[in-house]
Amino acid sequence: METRSKLMLLACATFSIISLVKSQNQQGFISLYCGLPSNESPYIEPLTNLTYISDVNFVRGGKTGNIKNNSDIDFTSRPYKVLRYFPEGIRNCYSLSVKQGTKYLIRTLFFYGNYDGLNTSPRFDLFLGPNIWTSVDVQKVDGGDGVIEEIIHVTRCNILDICLVKTGTTTPMISAIELRPLRYDTYTARTGSLKKILHFYFTNSGKEVRYPEDVYDRVWIPHSQPEWTQINTTRNVSGFSDGYNPPQDVIKTASIPTNVSEPLTFTWMSESSDDETYAYLYFAEIQQLKANETRQFKILVNGVYYIDYIPRKFEAETLITPAALKCGGGVCRVQLSKTPKSTLPPQMNAIEIFSVIQFPQSDTNTDEVIAIKNIQSTYKVSRISWQGDPCVPIQFSWMGVSCNVIDISTPPRIISLDLSSSGLTGVITPSIQNLTMLRELDLSNNNLTGVIPPSLQNLTMLRELDLSNNNLTGEVPEFLATIKPLLVIHLRGNNLRGSVPQALQDRENNDGLKLLRGKHQPKSWLVAIVASISCVAVTIIVLVLIFIFRRRKSSTRKVIRPSLEMKNRRFKYSEVKEMTNNFEVVLGKGGFGVVYHGFLNNEQVAVKVLSQSSTQGYKEFKTEVELLLRVHHVNLVSLVGYCDKGNDLALIYEFMENGNLKEHLSGKRGGPVLNWPGRLKIAIESALGIEYLHIGCKPPMVHRDVKSTNILLGLRFEAKLADFGLSRSFLVGSQTHVSTNVAGTLGYLDPEYYQKNWLTEKSDVYSFGIVLLEIITGQPVIEQSRDKSYIVEWAKSMLANGDIESIMDRNLHQDYDTSSSWKALELAMLCINPSSTLRPNMTRVAHELNECLEIYNLTKRRSQDQNSSKSSGHTVTFISDIPSAR
């Protein structure tokens, strides 16, 4: 007995009536029939009497598919008439309310049934929270085409996300989800969760056993082998009070070797030789032994001796391997051999096999998950990425949400929330206060009403608060001054009254703020507040602007061509001819004129010479020169100088060795194809250039002609925005748009701008969204040979099929990360929203594109790490911040 206690874990007792009653009442059971319409009554499965409800309230996306033919399928006795499939997005998640710390049997079922008529078995990944559970391959099995995945898992929080993740060209689908609570002291692994390999009971009856015979709805599959003989009894066998409770139909049957001198051997295959496996062996002596009969046998697992064992008479026991097993070559074996004392052969009634699966990534902080999902529910945020864990894995993080992910064992925290231009209505929800680690909160450009709530003072880590361009009322609250880290507050474009509180003014005028650890911060940490203070102040500002405008207008009348600043950049026409070698090499042509190649002080330059036939020539020339003389940004093309002599007008730019983006996407440039990280880098840098025009210039500027031909590429494929002849400035504050004649390029024009002649910075966002579609797809903006000639309509039609490969540029040869590309595509579609108020600003666009690149790099590093781990020695990988062109 001492040896037994050391080598085996023992579970033995009488049958638990209480446990049986609870389970038969389906207490704690969750049974979802996926695809069942919400207006239909719950389905009661006739064989088990289990009640299945529609999954509509547990998942946001997906569509119902109808099984073509299931008349010849008896797949675990479940209904298979409909299913749910997910043609949109990359990750689609079910969100289930569970009890934290509870051990559940979680079962997912996938029955394809050729619902789509394609006869192509789907393949995709299945995630439990932020961790991958398994890769699902729904292939034909035993005359059907179904797969069951089952796991025993202890929930970490009170929300459980089960996610289907698209990995290729096929569409994820699911038929049913089942959760069954288990006793806390059953199925215990030292680490990780337990993935079911098999539940066998030894009989040749052919009968599957499950609920209600099994109180936990385990599915027991009958199993026999040619060298075995089955025995059984009609007498009841006592069960367990501590949790395992095998059904009577399972424990009342057993197998013995037909040749009583031979051992009883059971083998199974592990998925990998590195897998850790637990075996649960069920025994009960079910024969009435004579006085001179004895059944005793040795138990060996993978050739290792464990115990000499005698089954109890009509009383069940479960013997569990005390530590996880590893099976050499992937072949595992349990062998029962009778001892010299035994007169009867060994027997076994049933066996369960589980492999250990690790879920190392911690879920996002529970309180913050609840808060962000309440925010989502309150404002009806319908972003497709807002499913599952908001922070991890990073490639699926929610758009507009940034997190602090320290390591896999520490729950991530939400540190930034950007819901700008998201169509939010109502008051500022109190749920935001539960995101206690927020550093940045952007609720700008919505239709929020009410006062700035006191609950925001609980955001003690907040550095930047943007509430601009809403319909907020009341006074600027004094409590904002108590948020010590707060650096910037944006309040313009609201209906706030009164003056700025003295406490905020004191902080604004203070040369040093007392922050953490009693240290002082420099003046750059002061709070900047932009708010409507009084009608008098506004009136004064308007009068001053009118006065300045009239003076400028008067000055314009006096001087037909006003002199330009920084005359040291002004060149004579003869110098222009000399630097271009008498206009020898043409780089390009446009409505403005011709661009020539030139040299200035042995440096290459591009010289744009204005055509005298250009209708708006000098006006656009003047606009571009004045803009480029006062703005300087690494992602805006630099002006070297200009010529303004009579009718001879020219602009001299820095030379961009690799031409424009469109040449590379179309293949007209020749040479290697831009790879995926290279395209993302170009998109990021272009976005930063536009962002600078919108928020870095004083006054802000709208480019008005963002397109792929106006994105130039340097020697190392660094991107710079060019051609500012159509740019317009707009005022900040209450002014939301500039009324102007429509100008720009067909295909890139914001439909709202085109229809209303209203120009805003969101017009550039729309145009950039078109460029982003070009970058992703490699398709021209307008192509008459396509069924859908306009790239926007074409992209929407392809998205309806949910096939990323059909959308991505074929020249990439599938060499891209699916998660990164889906995120970029979703961002592009957000940018081209017909309503400008629902488009993101360029700051957010640049941020999301950076995340796309981070996701790609992370996936690449993981792949490299996996490859390097297979070889000896150390490998150092350098990740360049300048992706190369291939």
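Glycine residues also receive a Cβ, built from the backbone N, Cα and C atoms like all the rest.
Of the candidates ASN119, ASN232, Swiss-Prot records N-linked glycosylation site for ASN232; the remaining residues carry no such annotation there, which does not rule it out for them. From ASN69, ASN867, the position flagged in Swiss-Prot as N-linked glycosylation site is ASN69.
Checking the candidates ASN292, ASN841 against Swiss-Prot, the annotation N-linked glycosylation site falls on ASN292. Note: the Cα of THR745 (phosphothreonine) and the Cα of TYR753 (phosphotyrosine) are spaced 12 Å from each other. Rounded to a whole value, the Cα-Cα separation of TYR753 (phosphotyrosine) and TYR653 (phosphotyrosine) is 30 Å.
According to its DSSP assignment, TYR753 (phosphotyrosine) is helical.
Counting only same-chain residues six or more apart in sequence, the Cβ atoms lying under 8 angstroms from the Cβ of TYR653 (phosphotyrosine) belong to VAL605, ALA606, VAL607, LYS608, VAL637, SER638, LEU639, VAL640, ALA722. Across the repeat 'LRR 2' (437-460), DSSP helix (H, G, I), strand (E, B) and coil residues number 5 helix, 5 strand, 14 coil.
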